[in-house]
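*Asks:* Here TrEMBL flags 4, 7, 26, 29 as Zn(2+) 1 binding site. The Zn(2+) 2 binding site annotation in TrEMBL covers 71, 74, 99, 104. Under the heading domain 'TFIIS-type', TrEMBL lists 67-109. Look at TrEMBL and you will find 4-29 tagged as zinc finger.
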């Protein structure tokens, strides 16, 4: 991907035509860059795996408010929770729970 040095717009590739070589041209301004040699077009960019970051650390979850909800793992009656908008604004917020039982600490969401 190449960008126009004049205005910053993404340049468009133009195939060679008659006596004109292939070139990059800017659709927003008159900038043109003729290509003198063959250009290799690379279509795939190698992906690199990102490190997974937790949404909430266990310490941050424990500092959250508590509510009376039954843990599906140990049936304890209280859990700490955090709300987060994970979908579009017209959808309800996602509630992340963590069991308040110090021996369980099961996590779930709704």
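Cβ atoms are placed via backbone N, Cα and C, with glycine included.
Note that TrEMBL annotation is computational and uncurated.
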*Asks:* Using C-alpha atoms only, work out the spacing between residue 104 (Zn(2+) 2 binding site) and residue 4 (Zn(2+) 1 binding site) and round it to an integer in Å.
*Replies:* 58
*Asks:* Name the residue among the binding-site residues 4, 7, 99 whose Cβ has the smallest number of other Cβ atoms within 10 Å.
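*Replies:* It is 7 that, of the binding-site residues 4, 7, 99, has the fewest other Cβ atoms within 10 Å.
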*Asks:* Give me the count of other Cβ atoms within 10 A of the Cβ belonging to residue 74 (Zn(2+) 2 binding site).
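*Replies:* Residue 74 (Zn(2+) 2 binding site): 13 neighbouring Cβ atoms within 10 Å.
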*Asks:* Can you tell which of 26, 29, 71, 104 has the least company, meaning the fewest other C-beta atoms within 10 angstroms of its C-beta, among these binding-site residues?
*Replies:* 29
*Asks:* Given the binding-site residues 71, 74, 99, which one's Cα is the least distant from that of residue 7 (Zn(2+) 1 binding site)?
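*Replies:* Considering only the listed binding-site residues, the nearest one is 99.
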*Asks:* Let me know the model's mean pLDDT on the zinc finger (4-29).
*Replies:* 89
